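For Gly68, Gly69, Arg90, Asn197, the entry in TrEMBL reads substrate binding site. Summarising the annotation, TrEMBL assigns domain 'Aspartate/glutamate/uridylate kinase' to 28-277. The site 'Transition state stabilizer' annotation in TrEMBL covers Lys33, Lys258.
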Amino acid sequence: MSTRKHTALPKARTLIEALPWLTRHHGKTVVIKFGGNAMIDEELKRAFAQDVVFLRHAGLRPVVVHGGGPQISAQLDLLGLESEFKGGLRVTTPEAMNIVRMVLAGQVQRELVGLLNEHGPLAVGMTGEDAHLMTATKHYADVDGERVDIGRVGEITAIDPGAVQALLDDGRIPVISSIARSNDDEDTAAGAPGVFNVNADTAAAALAAALGAETLMVLTDVEGLYEDWPNSDEVISRLTATQLEKLLPDLASGMVPKMQGCLYAVRNGVHTARVIDGRVQHSILLEIFTDEGIGTMVVPDANTIEGAT
Ligand SMILES: Nc1ncnc2c1ncn2[C@@H]1O[C@H](COP(=O)(O)OP(=O)(O)O)[C@@H](O)[C@H]1O
Ligand SMILES: CC(=O)N[C@@H](CCC(=O)OP(=O)(O)O)C(=O)O
């Protein structure tokens, strides 16, 4: 006679914990912004790709918008060019714009597409230039109330999500670099199509809203939004749009585009926007498939803090 211990029971419980979420979110679009420092670690990148493919096979429609600030800075450094940020945005000369485009579309995006496609013919890379996905106008930074010219940095004025929708309908995972086409008069007059460097958090939020996404998920290199950064590491787990709006003026530069993006998303139809720790392996699955979640969740005002999921 032999007996068998069911050691896999905790795994089954975890899967069952995910069932209500899966039922609710089946067929829904999730825009995931993968950025910065989490993208430097090889294991984290692989785990990220596994999570995204898992979501796709679980019946969701994931879209990846990626950053690459550290990679751009490293490349500029190799070329002897300095990185300067104003109001949290990179001062982008025409020369730097070429490097930004080369690094984002030619390096970071290609690598992510490659990692995702290790699991099958799923990922398709594009930039905001493709099929008029993102159109932008020149953006001026606000530095202590002053309007400052920071070069070829763009502010999104229009999104045509048709090509992304078509890819999603075809079961693909779009991977998007945050570069937008310009339709500014001076670029048009110059004869060559102009492009702009757009902060990837801002691009992800605008795309999430344009796609009518259920969720915007922003991966970063901290646990979430700290209540009193840098004095305390108390993470705010949930807050409403209005509560976030009140906090915005006190936030420091890296968090500003992220939280502005979350606010824009939930004010424009996205049900929840979450900032989660990209340094934790499988953070996307942890956020989604466990009751507690991790990180910070922003919900629209109509939701009560307790009631939102
Ligand atoms: N209230 C806050 N909570 C958490 N992080 C904050 C806060 N204010 C500023 N930060 C800073 O923002 C950084 C995240 O922004 P950023 O470096 O642009 O991230 P990423 O490279 O992931 O896009 C954190 O590492 C932290 O230094
Ligand atoms: C205008 C602007 O600042 N653009 C960013 C685009 C990349 C980005 O946003 O990357 P992370 O998400 O990794 O920071 C930049 O040039 O660094």
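Even glycines carry a Cβ here, placed using N, Cα and C.
Overlay of TrEMBL annotations on the structure.
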residue	record	Cβ contacts under 8 Å, 6 or more apart
Lys33	site 'Transition state stabilizer'	Val64, Val65, His66, Gly67, Ala200, Asp201, Ala204, Leu216, Met217, Val218, Leu219, Gly261
Arg90	substrate binding site	Gly69, Ile72, Ser83, Glu84, Ala96, Val100, Ile150, Val153, Asn197
Lys258	site 'Transition state stabilizer'	Asp201, Val218, Thr220, Val275
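In the three-state DSSP scheme, Gly68 (substrate binding site) is classed as coil. If you count neighbouring Cβ atoms within 10 Å for each of the binding-site residues Gly68, Gly69, the highest count belongs to Gly68. Listed in chain order, the extra residues whose Cβ falls within 8 Å of the Cβ center of the substrate site residues Gly68, Gly69, Arg90, Asn197 are Gly67, Ile72, Ser73, Thr92, Val100, Val103, Leu104, Ser178, Asn199, Ala200.
Mean pLDDT, taken over the domain 'Aspartate/glutamate/uridylate kinase' (28-277), works out to 94 on the 0 to 100 scale. A Cβ distance below 6 Å to any atom of ligand 2 is met, among the recorded positions Lys33, Gly68, Gly69, Arg90, Asn197, Lys258, by Gly68, Gly69, Arg90, Asn197. In the three-state DSSP assignment, the secondary structure recorded for Lys258 (site 'Transition state stabilizer') is helix.
There are 26 other Cβ atoms within 10 Å of the Cβ belonging to Asn197 (substrate binding site). Residues Gly68, Gly69, Arg90, Asn197 are the ones the record ties to substrate, and the longest Cα gap between any two of them is 12 Å.
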